[in-house]
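Asker: When I checked TrEMBL for this same protein, it listed these features:
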TRANSMEM  98-122  transmembrane segment
TRANSMEM  128-150  transmembrane segment
TRANSMEM  186-206  transmembrane segment
TRANSMEM  212-235  transmembrane segment
TRANSMEM  271-290  transmembrane segment
TRANSMEM  296-316  transmembrane segment
Amino acid sequence: MNTIREYIEQMFKGVPVTEETVQLKADILGNLEDKYTALKESGASEHEAIVTVIAEFGDIDELLEEFGVSRVNEQVTKNYETMSESDLRQYIQAKGKMGWNIGLGVLACLTGVAGLLLFLAFQSVLSGALYIGLLFLVGFSVIGIGLFIIEGMKAGELERFSSPYIILPGDKEQFISEQKDYKRSFIFSIVAGVSLCIMSITPILVGALTAVLPILVGVAFSLLLIGVGIIFFTYSGNIWSAYESIKHNGKYVEVIEKETVKHKRNKKVDYVIDEIYWPIIVVIYFVFSFTQGTWAWSWIIFILAGALESTIKSLAGSWDKD
């Protein structure tokens, strides 16, 4: 049976990966397996059954012509990985889990700091509060850093999704549609995260302006609110970025080579902007502000630089079209 599957895989090398060809491949494999089973039940040996089934199969090129499908350069399918729907769903789940664990790691670190502050706030009535607080800080920091390390190691497994790959047209349309449906949840998560971060100032104000809450306790609660807000950002943001990655890196087999050239060019432009352009802007900002004493309004340079960045990317896009 494995021989038949391997034979079909070889026959379909160089065939464009579309919904029609995938279904055609599955139908052919199913028919051949049924014939193989029937021959085995009629008393034929395994070798005889395989030889007979393959001999009756004939030439796949004639069948492809009937469907109006032509082979692509076999080198294309060798150079680029083909991602199935299940591969992409596992990618989205992995990104979501990664975002969740990173958020928990941040919350754990902030919880450690918050615990230290809480014990310091009550050290006048609790002997050894400083040492207990330090143990609290170290313990939760170890948990947080451990989560960062684990997810950092797992991130390498997802690198293959950051480069162009072949995707079925129907799958790409489906994931784009799912992203549109997810947009409401994404916006809610961002709003919730921002709200929690803004609300985090409340305990500090209560501690600073009233006697209801010690200031250190207020800061501790503020850190916890910020930590929960960050979980909203990292979890929803990672899922959204996974959908964005599928939309931009998932290419149809017919155009993947052309799209990959454009992708690499855009990567170079992004590298120049991130590693050269913005550091220069930051240096100009500090030099100008220090020498001229214009801190009150020199931040406008970042707004102008942002507008110029959009212009540079637009020019790069027009060069691609040329």
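Along the chain as shown, residues are numbered 1 onward.
Backbone N, Cα and C atoms are what each Cβ position is placed from, and that goes for glycine too.
All TrEMBL annotations are machine predictions without curation.
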Asker: Are there residues at least 6 beyond the ends of the transmembrane segment (128-150) whose Cβ is under 8 Å from a Cβ of it, and what are they?
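Answerer: Those are 101-102, 104-109, 111-113, 115-120, 122, in sequence order.
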Asker: So which of 98-122, 186-206, 212-235, 296-316 is most in touch with the transmembrane segment (271-290), counting Cβ pairs under 8 Å?
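Answerer: By the under-8 Å Cβ criterion, the transmembrane segment (271-290) pairs most with 296-316.
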Asker: Thinking of Cβ pairs under 8 Å, which stretch from 186-206, 212-235, 296-316 has the most of them with the transmembrane segment (98-122)?
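Answerer: Most contacts with the transmembrane segment (98-122): 212-235.
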